[in-house]
């Protein structure tokens, strides 16, 4: 008989019960730790239009079931609506910027498109297709597209309309359109075909502002990654607190192309400054003290295009790098965000991304996954 057995025999019934309860608690803790290791919560944060929803779509393509033909058909109406939104934005900007149509008949085409109620669009037929095609081929509209930064024709399809008076036309006060503008409008014949089914790229590029909270779980190496996407506009951020518990990693998205743009909610505030302020707030929240932080500097493709004609120093005077240099610009932007971290011991993991490029996101997320798994194992003292 061992010493432990002898001691156990001498214990009172109360002590035996206390030991039994303690052992059960220990077993439950071990089970909880095992379960916690099996499901990881990734919280996608960032300002509006930083690319969070596109990132979720990529996870579905790369690690989920993807988009079947039936799924893609469900985006058809949204593609049509996004096209009308884009043209209406440019028609509005033609008047605002006082750009003239080269071809007189396009004034009538502009009126045809302008009068469309986008929310009621569910078909893409004539006379609208011909009107849009003619407008897109007009040198005046092309000039307007080239000057899109002046009226925030950037990379979303959200817009706001305000009726000035019962007797006046709707006036677009804040208008923004998407990267799809060029690719969609150059594919009008394909999209206008009666048998049109949106491609995977069409689905990735279509813009639907996120309202509320969207969760997407997927299984990798017997671990469930639960990715949570919340709306990034200011009006949506009050809902974020409901997602703050048990977060394994914060994945914060920044649109690199926002350096010269203003907010939807305030036309005198720089979007990147807003993103910086939000990032600073997030990384100092007590809820996230034990959460890893992964910074995605997104839309690197748009930065490469924009930096050729819109100089970073005009918006961030502290930039002393070369002009028209996308690499120098993105490294400067990365440093601005990393320098916001007040905790020298907390590592900010960073990646440059293009959320519409599936292979880029596949490669980046493979590295992110390994980082998250290693940090989780370390947290539970398994490495």
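Cβ atoms here come from the backbone N, Cα and C positions, even for glycine.
Whatever TrEMBL says is automated annotation, not expert-curated.
Note that this is a predicted model, so its numbers are computed, not measured.
If you look up TrEMBL, you'll see 49-54, 155-156, 204-210, 229-233, 298-301, 355 marked as GTP binding site. The number of other CB atoms found within 10 A of the CB of residue 53 (GTP binding site), across every protein chain shown, is 21.
DSSP classifies residue 53 (GTP binding site) as helix under the three-state reduction. Look at TrEMBL and you will find 53, 210 tagged as Mg(2+) binding site.
Under the heading coiled coil, TrEMBL lists 11-42.
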Got a sec? Which of these binding-site residues, 208, 355, has the most Cβ atoms within 10 Å? 355
Averaging pLDDT over all residues of the coiled coil (11-42) gives 68
Same chain, 6+ residues apart, C-beta under 8 Å of the C-beta of residue 204 (GTP binding site), given in sequence order: 54, 57, 58, 355, 356, 358
According to DSSP, does residue 208 (GTP binding site) sit in a helix, a strand, or coil? coil
